[in-house]
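See below for the structure under consideration.
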Amino acid sequence: MNLIHFGAGNIGCGFIAPILSSIVDHIYFVDNNIDIVNKINTQKLIKIHTSDSKKISITNISAWLLTDFINYKKTWNEVSLLTISIGIKNLKHIIYYVNQLIDYKIKNNQKLIIMCCENGIRVSSLFKSYFSNLNNNIYFVDVLVDRIVSNKNILNDYLECEDYYLWIVDKTQLPSDFKQVPNLTYTTSFDIQITKKIYMLNALHCSLAWFVFKNFSFNKYLYVYQALKNDKVVEFVNNYLNEVILVLNHKYNINLDELNNYKNQIIKRLNSNFIKDDLKRLARNTELKLSKNERILTILDYAKDNNLKHDILLLSYQNGLEYLKNNK
């Protein structure tokens, strides 16, 4: 099995490639950056250094310029998986090219699985809505992905990423005869997994940034791991996650052991100084994050309506409002 991946940036090379390179025979990257395409085709090598001191070399790769995509039809027979990491707002720019691949697969009665590995909710399903020429051989499968990859220039000698990664697949959207790809996690309760990540990890990120800004300022703590050396910050993180866990257990009946294990995993990642996670970055888009039906108010409102402990959730919302007021 071969793989086509749209996006030869840090996520494509630092996340997708090291996870799938040992599973597929070959990875064809597609990108519109000629320097990256030339580097991959010349060196035939991607080097990865992980937070656990692992060094990974990926050699079963080549790259195509986006505008040359149609010229490589001769390789498409062996491609059964298409993955994408170009940013949700850029998906519209590859519709034409993906459509050509879909038409080819339908014409030749071949299966194709498409996974949008983007930071969003059910992005593959969203991408599917852009196409009308589909049949039962084309599968858009939603995934939940998470891995911190350094913002090092992809043209450097190597990329850095944390050893941890999350790649959860909605099993219900796969063909019944699909042979599961190793290194991925398959679930029939995909929405529950999304819920955990949004309200425990994503919401904590911005809440932590607002808390540090209010109590210490970003001049004292620039990165997450630095702030986690302060006992007051550690206490906030623990109390925040404990209140979220109460809500998720009450609302979705998610097992407490599962939630607490995820909490411990989050805290371990926050404490790592291998990848420097910028607090200012985590505080971005505050107005959106404070809006109704978003990561903060959804949990806070449920806790209040059901008489669950919510002191820290409320504090976080107030911190966010203060940050917004000072950073318009």
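In case you wondered, yes, glycine gets a Cβ from its N, Cα and C as well.
Other C-beta atoms found within 10 angstroms of the C-beta of HIS5 (NAD(+) binding site) number 27, with every protein chain shown included. Residues annotated as NAD(+) binding site in Swiss-Prot, with similarity to another entry given as evidence: LEU3, ILE4, HIS5, PHE6, GLY7, ALA8, GLY9, ASN10, ILE11, GLY12, CYS13, GLY14.
A coil conformation is recorded for GLY7 (NAD(+) binding site) in the three-state DSSP classification, outside any helix or strand. Annotation for GLY9 (NAD(+) binding site): spatial neighbours ASP31, ILE36, SER85, ILE86, ILE154, criterion Cβ-Cβ under 8 Å with sequence separation of six or more. Within the group of binding-site residues (LEU3, GLY7, ILE11, CYS13), the Cβ with the highest number of other Cβ atoms inside 10 Å belongs to CYS13.
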